[in-house]
Each structure stands twice: as C-alpha cells, then as structure tokens.
Amino acid sequence: MEPPTAGAGAASPPAPTTLRRNPPRSARPPPTPLTKQQPSSLSRLLDEEAAAAPSASATMDRRLKVFLRIRPLPPPSPLRKSKAPKPKQPPNVCLVANGANSVALTVPNSKLLDPKRARTEVFDGFSAIFSPDSSQHDVFSKVMNPLVDEFLGGKSALLVAMGPTGSGKTHTVFGSPRNPGLLPLTLQHIFSATDQSSKGICQSQRSFCFSMFEILSEGKGERILDLLSDATDIVFQQSTIKGLKEVFIENFADAKRLVLSGMLKRSTAATNANSNRSQCIITIRAIHKNTDVESEKSLNNAVLTIADLAGAEREKKTGNQGTRLLESNFINNTSMVFGLCLRSLLEHQKNKKKPLEKHFKNSMLTRYLKDYLEGRKKMTLILNVKPGDDDYLDSSFLLRQASPYMKIKYTNLENFSEMVSQKRSNVSLICQENIKKRKVHKNEVVAVAGKNAIDKDASIKVSEQDESHDKILDSELRRVSRNEEIMTKFARALWTVLKQYKQKLLESENAAESTKKLLRCKDIKIMELEKKLMALSCSCKKFPTVEDTSVEQSHDVSSGQVAESSVSLSSQTNLGSSDSALNDFHSKRANLSPQFIGASKGSPIEQSEEERDELHIIAVEEIEHNVDITGVEHRSTPSCSQQVNSEALDVSSSHSSLQLQGMAGSRRRALGGERREFFFRAMEGALQQDPQVLSAQSERFEPTVEKTIVEYGCIQPPQLVDDHGGMYPRGLNGKSCPTKAPIAPIKDSQSERPTDKTEDLPTSNPCNRKNTRRRLRPVSAMMLKEFTAPDIFLDTRKEETVKLSSDAIGRSDKLIRLLKAHPPRGRA
Ligand SMILES: Nc1ncnc2c1ncn2[C@@H]1O[C@H](COP(=O)(O)OP(=O)(O)OP(=O)(O)O)[C@@H](O)[C@H]1O
C-alpha cells in the first residue's frame, strides 16, 4: 500500500491548502496536516476515557459505533494481464488507514486545480478501521461479536453496512462460501454459543427464528419481497411486516442453507457496477423457553438485525437509464433519508430543544428501523469504502456524511423498554384509579346517605389511607376532563364545519344539475332547429324545377316587355304580324328562362321581405351602374323614340344587347351561384343573336304589342322575381329592368352630347337613384312620367333637349290616347 502523497516523512511537504469555492456558514475545520499526526479531539477523548477509568469502556459502549472497512483494489483484468505491459507504478490510492481509528483521504492529482498544492483530510474517531488486508474474522470479532453477545443476552442490535456501490458491503455481510461474511459467522457463533450454554446450563432452551427480506423500488414506490418464500401479500404496518415468513433454525447448517437460498433470490442488476438493487434485511429473533416467565418475556423481545444497504450510485458513473435510473434514485433516496435520520438524532441529542425530525417516515427502511434511528435501540455502522483515486468522490462523501454519527449516544437503553411498559402501566393505573375514585365519590355520597354501610367503610378507608394520592388523582382527573372538554369542543366545531361544507356541496350540486338541465334543453332546441334547417335545405334543393306557368308567364312577360320596348315603334307601318315567329321566339325564351325562373321562384321561400328589398336594391344599383356605363345619354331617351327608324331599331337592339350584356356581367360579378351563372350565360347567348333576330322580331312583335297590352290591361309588364326575391319589371329577353331602361338609345345622341353626360345626370334622369332604390315603379307609370314629367323641362340649358321634350309631349299624348283606347283590365 502506497502511503499518501502528503504522508508522514516528507521532508518539506507543501503547506496544505483548503480549496473552498462556496464555503458553508459553519465552515469545517481545515484538514489536519498529516505531518503533525496529532490525534483528533474525539479520538483523544476516547483514548482519555479508555485510560482514565474502568467505566470508560461502558461510556464508549454508549456511543454509536462506526467501523470503516477499506476494500482492496480490484485486481487487474485478465485481458490486461496477458496483453498489456505491466504498469510500472501501482494504481494510485486516495484513502489510507492513518492509525487505529483514523484514515487519511488525499485529493487525487487529477482532481486538483493546482497539482502542487496537495490536500489531505483526516477522519478519525472510528471504532476501528479495517485495512484492505484484514480478514472477515477480524471484522467479525470487532464488529459483530459484541452485538451477538448482547443479542444473546436479550438485547436487540442492528448492524448496517453502508457505502458506495461495489465497496464490499455484500462481501462483508454475506461473504462467499470460502470466505464467509458477518452473517454466516454470526449464525455460527450463535449456534456454537447455544450448544455451549446447553451443555453447561440445561435450564434454558433457545431457538431462533430467521427471516430475510428486501425492500426494493417499484416504479416510484417501494415494496417488500420475502426472500424465504414466494408470498406476495407482505404488508408493512407500524414497524412490523405482516406476512413475512419466519423460519425456525435449530442448527447452523439450516441457517446457512436459508441464507444461500435468500441470496439467490435477491435482486441484482447488470449495471455498470453490477450491483444489488435493494436493501436486504436479515433478522434473527431469539426465542427462549424458560421456566421463569419474566425472563422469557424479556429475552424473546431481542432481535438481531443485519442490513445490507444498496450502494449509492452516481448517475454519471453508472450511466443508468429508465428503470435502472429509478432504482438508483430509490437507492440514493433511501441512503439520504437514513443519513438524515441519524443527523436529526445527533442534532436532537446536542440540543434537546431541537425536535427529533420524523425523517424516518420518508422511506420503508427507515420506518422499519425507527427504534434504532430514534436512539432507542443500539446500532452499529460499518462503512465500506474503495480506496482508489477514481473513488475519491464517493469515499469523501461517505466519510463526511458518516463521521459525525460517531457522536450519537445511547443513554438509558436498558430502561427504555421498561420505561415504555412502566408508562403504559402508569396510564392504565391512572385510569383504574379514576374509575375507583368515581366509585369512591359515589360511595361517599351513598355513605352520607347511610344506605350502604360496606361502601361507606370502604370510602372512609380510602380517604384516610392516601390523601396525597387522591390529590394526584384529582389533578390527573382534572387534566383528563379538560382534555375531554377540549376534544369535545373541537369535535363539535369540526362537525359544524363539515355540515356547512356538506350544505355547500349540495347547493353546488343542485346548481350543476340545473345547469345541466338547461344545457340539455338548449341542445334539444338546437337539434330541432338543425332539423328544420335540414328540411328547408332539402326542399330548396328539390325546388329548382321548371314550372310551366312560370315559363308561360315569362313568355307573357317577355312579350309584355317587348311591348314596352316596342311602344315607340308602334308607329311603324310595315310591321307584319307573325304568330309563328313570336312562338319561335317564345320557345327560345322558354328554353332559357326555366333555370332563372326556377331559381327566382325558389328564393322567396328562404328570404324575408327585408332581405328581398335589400337584394333588390343591390341589383338595381348594379343595373343602374351598367346603365351609367353603357350610355349616360340614355337618360335623355324620351326624345329618342321619335327618331325611330329601322336603322335605329338595329342600333337600339345592339345597344340594348350591349347594355344587357353589361348588366349581365355585373350581375354575374355580384351574385355567385351556379343557377345565376347559367341564367346569365343563357341571357348572353340569347343576346348574341339579338341584333338581327331582335330587329326582325321587334318588327313582328308590333301587332302583338297591342295584343299584350290588351291582355295585361296595362303597359306595365308582370314583375319578375329576382334570385333574391326582389321584384322588378322585366326587360328585354326577360332581363329585369329596374330603372327606366332606355329602349332605343341613339348613336347620335352619344356623339352629339358627350360632354353633357355628367351634367345631365342629376336632373335629366327622372327616376333618380334614390327613388329607384326605394321602390320600383311600374313601367307604365315610369314611361308616363318620362313623357309628361316636368323635370324633362328642367333641363333648359340646352335647346335641343327642350325641343326633344316638346316632341316627347306629343308622344305622350299618343300614349295617353293608346291607353284610353285600351283601358287596363286590372291586374290578376
Ligand atoms: N474486502 C474484500 N476482499 C476481497 N474482495 C472484496 C472485498 N470487498 C469487496 N470485494 C469484492 O468486490 C466486489 C464487489 O463487492 P460487493 O458486491 O460486496 O460490493 P457492494 O458494496 O455490495 O456493491 P453493491 O452495493 O453494488 O451491491 C465483489 O466481487 C467482492 O468479492
């Protein structure tokens, strides 16, 4: 074993330095320089105590014993042996035994910031230190022998093996068949001792119960596994394990077999460290069969427990993941809780005002070992460490953590169980006394009444015998009654609070119920509405079918419209009547119109009056807009009719078709939808053939115009329902003409007065935009107005207009006459 680098004997060792990046408040004392080799205060104290008085050993016995075992460095791997050249220097060691009770821990060079400034810490005060070459028997004789003796003497004891993973805990506790550990040696010792005692004293017969179980992690929790049976229903209840198998062992061979079978069942995992994954606990309970009942009782309480804790792991080193990581968390957590319990016990012992924290509740192991961790039963620790440089951090952590535990004291251990039983008996005695006292009081009353002489005598006897005792009982009674009162009040308060909570809960439940009901109603309503909507949409889908009446009407309307448009042409002489041609035209129209009519018929079902008006207004606006675009001159159309001739008719037809095309285009832009699209396309198609056909047809229509007027009884054609339910008069080719559509705009008027367009707009248009928006006038009325309206004369700025107006007056006279000749029949 190589001595520490800063060990004794160095000629001029570098001054030890303390590297502290984050110094704690209660800074540790600087590490003891090894050059001085002075024993620490604790070891000095222990030595002094040992030397001073024969009772010193007893004092030392009262302290928590902490042993340290340094395991040998692992041998080089066989691969390395055969192939790699032998290392010149032995592997560096950071931990060496510095004396009987102390070790020196040197920071390895690899961990030093400045290699020149070596640093060594000395940890002393250990009960014993076992160097790597110490045998299992050495360890047993110093660690376990005293505990076994105490156990056989009827006292419980616990040995806990602590340390990082792979430090030799399992080796220390179980050992191997060739090199048995503490447990086999203990069992051997127990049975050999029993044999000797049975040989010597035949009065007592001892037998032992053996149990072995492990606590391991299960997900994020813990569970117990019995290593001697396959029982699964093991429950941990108040420091005892229910369902745990205890096997009677009568000889060492049986015990050895049990230990082996238990070890085979123990959970280990192939981690980097190939370590145990559980805390293994072995208990040996002595059962004494003695003639003396009292001694049997006390001896039967003794339990010897050996705990082989799972080694704390560093995540970085093991590289554990998933379940293994959870396991190592559990292991580290248990070690931490165990350490916290001991720390708390020490703090409590140092300062009685500090409460003993209940850290033991945080893990199953510490709950099981509660009595030991609260200082009521004796415990011994054996720390296992690895001395290699690589294990410096693990060793340092363990030594720093465990070295203060040596100061933990066990006082009044012997009396503890007695104290407990005494306390219990005292309480029961007090209760009995209370009952007695009540009886006595009762008897006193009875005695006063003179009813029962025996009771009277007894009460007098009691009162005379122990007055002081009565006083104590009185005070106790008062205390108990006060406690009772407090508890009753508390219970009442709790009851009322609970009542209130219950009421609130009921209220909130009711509210929730009513809200649910409301929601259900709403749902039903929504469903009904949805159904209605579906029905409506279905009916709408079915609706767009061709209606003969509509077609007929459209025929009529179109003829009426033609009549309207052809009013100005009535003076033409060469218009031949041709019903067949008209029928042709009608059939063409009929082919075009059904879609439109169907669509227009269908819409009013869906739309309200307001919506229809609104859409009507939009349509009118669009048409107006088109009218504006195609020819603002049309606003002066009243005069155009007078100049009608065959040429003008052609022009007007083409104008009309252009105008209607424009209108159709704008309508298409504005209104989406397949049906509308179809309608407009059809209309455009019809218009494309218009210029010639229309002129010919217009000529032919002339007599029909008269007829149609007679048929409808007025010039006003039947109104057409637009896609959106809006009503406006039909124009040429069934196109609605919401405005006072000019029938035959004259080319000349456009060329003559191009600059007057804007000026004429507000005044010359008798049917201004506002009016059109509000309501559509019947075509006849509009025409009459056009012909007679005074606003025609308003445009006096230009002589031409005046002249045309005067012509219009003449034309209106003609129209009036025409109307008089054919008075309207009245609308259907
Ligand atoms: N004192 C020793 N002498 C010889 N070999 C030892 C000694 N201590 C430990 N070993 C060996 O080191 C290896 C690891 O030891 P062991 O399994 O006891 O470690 P451990 O602390 O129980 O690990 P874990 O907590 O992970 O279970 C074993 O192969 C064991 O034989």
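Backbone N, Cα and C atoms are what each Cβ position is placed from, and that goes for glycine too.
Annotations in TrEMBL come from automatic prediction, not curation.
Database features, via TrEMBL:
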REGION    1-58  region 'Disordered'
COMPBIAS  1-25  compositional bias 'Low complexity'
COMPBIAS  34-43  compositional bias 'Polar residues'
DOMAIN    63-408  domain 'Kinesin motor'
REGION    71-93  region 'Disordered'
BINDING   Gly163, Pro164, Thr165, Gly166, Ser167, Gly168, Lys169, Thr170  ATP binding site
REGION    552-573  region 'Disordered'
REGION    735-777  region 'Disordered'
COMPBIAS  749-760  compositional bias 'Basic and acidic residues'
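Known features from TrEMBL, placed on the structure.
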residue	record	Cβ neighbours (10 Å)
Gly163	ATP binding site	26
Pro164	ATP binding site	25
Thr165	ATP binding site	23
Gly166	ATP binding site	22
Ser167	ATP binding site	27
Gly168	ATP binding site	22
Lys169	ATP binding site	28
Thr170	ATP binding site	22
| What is the pLDDT of the domain 'Kinesin motor' (63-408) when averaged and given as a whole number? | 81
| query | Looking only at DSSP and grouping its letters into three states, which state does Pro164 (ATP binding site) belong to? | reply | strand
